[in-house]
């Protein structure tokens, strides 16, 4: 087990800078998830920790030892790849023990370690098979077994679940979390799926365009996003953003509707343009609220998701374009509803849980 | 037209097309086989006879009696075997290096060496071998066959190594393998089908090579194609024994190809990555 310290790390391919100065501190035993849209540099950063990618600037240290110029084999890390990367010509047992055999570990010790890992992951009956004879979920488990057997300082996961179907993904998510609680090995996990990040991480690092947008515990990011990007990225369905301006003790939308701010008006901000952010589940029915037409109703059983088009806004007219669709609001409610498309409802946001953002910088006010 | 009849016609049409396409290769073989089993009188007959009334097995026995055929067979075996072995030893690692370092330019250089007509460097090499005192041994032929076999092996292996998923090697890297261990324990076993293909093609090209042999071989160091050619020129043109000899020369390559084809199992990388 170990800590990982990433200090002002940069990566460029020629003139293109992919990672623009990133610093993260990962404590011993922590489960850290790097999350962000495709191309944000999260996988590159992980590969730099693994030693598969050169570091253009800054330092990466494992257990206070700078590893910038250390080859992967000396870093004592284990990595699980998106495509499993199992050796096709080796049995499952040989796949799992490959690293130990390279280190000339005693046969009895190898057998014991493989058996233990197979026990943890339920791979016992499969040890003599070849990867091609296994299902996707089993292969993923073998890839994890290969990491466990090593007993490394750090586990690295590169989108390990993205090739699995939805149901298996949820199951493996739980298994990985359980495994971490049991082994308490420092883990860095890359995903583009914010649900994975929310459910598994001790600490989430939200990346975007090669920089870190915010670092924090999952619920902390959810409740207190630092900026519009994090607010929009974390949470599904995404947060509603309503442009307008701050005035008096409330917020005026672009089409003149008033939204409450619950007395949290930032000082000296009268008339200042802002973006009002509210999560889909933080609306409630209210007589004095925004009038909106129901566009789509999507029941999932446990909850109902509704897409609403605020009345009085330009989106109300027929033939709403893409620009207008942006102004549509999503509302998630726990209870079931008889609402039908075309009906008009009045909803009000919970001011205590709403956020205001600067429309230019995206930062939270 | 009824459906079953239509299906039958489709099948028949397909069969005719296939037959037409393979007939040049097939008929040529059949005719050689026929020639090798006929007496000279039947070979010259008009209209031509495909299946003779009496089989001339003697054509086959004469090859082994007269012409130190076994010596030439042995020579061929040594030359082809050594040229292929060396080519694999050099070409497989070279192909790996070129594929991994994306050294396409050096691949092109090797291709140019292959495209250059063999005759253009035969004479200088002949003088070199003479100077080294190697003439009269099999070494000149082994060395010059490498000109044919090494590029084949390298080019086939480049293709195979380029299709090996990079993630497998990265996994091995993280698992603690050195560059050499990655090559030997991961890349090489996965490329086995490619090695088999390279081996077969290398054997075929080397075994059938004629030009190098005719220039560099002495009476004692002839390979089979040269020996067959000599039958043509020094005895009168006796088609029967000639065809028999040619068939015997082709046979090892034929058997090898048929046998090894079964080992070219494309599914070897299945299961390595998603979708395998």
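Glycine is treated like the rest: Cβ placed from N, Cα and C.
What TrEMBL lists as transmembrane segment is B:12-33 (among others). Sequence-remote contacts of a segment are chain residues at least 6 beyond its ends whose Cβ falls under 8 Å from one of its Cβ atoms, and for the transmembrane segment (B:12-33) they are 50, 243, 246-247.
Per TrEMBL, the feature transmembrane segment maps to B:72-96 (among others).
What TrEMBL lists as domain 'ABC transmembrane type-1' is B:73-260.
Look at TrEMBL and you will find B:108-132 (among others) tagged as transmembrane segment. Panel annotation: around the transmembrane segment (B:108-132), residues 139-140, 143-144, 147-148, 150-152, 154-155, 211-212, 215-216 of the same chain, lying at least six beyond its termini, place a Cβ under 8 Å from a Cβ of the stretch.
Sequence annotations record features per position, and here TrEMBL assigns transmembrane segment to B:138-161 (among others).
Among the features that TrEMBL reports, transmembrane segment is placed at B:195-217 (among others).
Per TrEMBL, transmembrane segment is recorded for B:237-259 (among others).
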Distant-in-sequence neighbours of the transmembrane segment (B:195-217), which means Cβ under 8 A and at least six residues beyond its ends: 75-76, 79-80, 83-84, 87-88, 91-92, 118-119, 122, 126, 129, 135, 140-141, 144-145, 148-149, 152-153, 156-157, 160, 188, 223-226, 229, 249, 252-253, 256-257, 260, 263-264
Long-range Cβ neighbours of the transmembrane segment (B:138-161) (under 8 Å; 6 or more residues past either end): 75, 78-80, 82-84, 86-88, 90-92, 94-96, 98-100, 107, 110-111, 113-114, 118, 121-122, 125-126, 129, 187, 191, 193-195, 197-198, 201-202, 205-206, 209, 212-213, 216-217, 221, 223
Close approaches to the transmembrane segment (B:72-96) from elsewhere in its chain (Cβ under 8 angstroms; 6 or more beyond its ends): 138, 141-142, 145-146, 148-158, 160-161, 183, 187-188, 191, 195, 198-199, 202-203, 206-207, 217, 221-227, 249
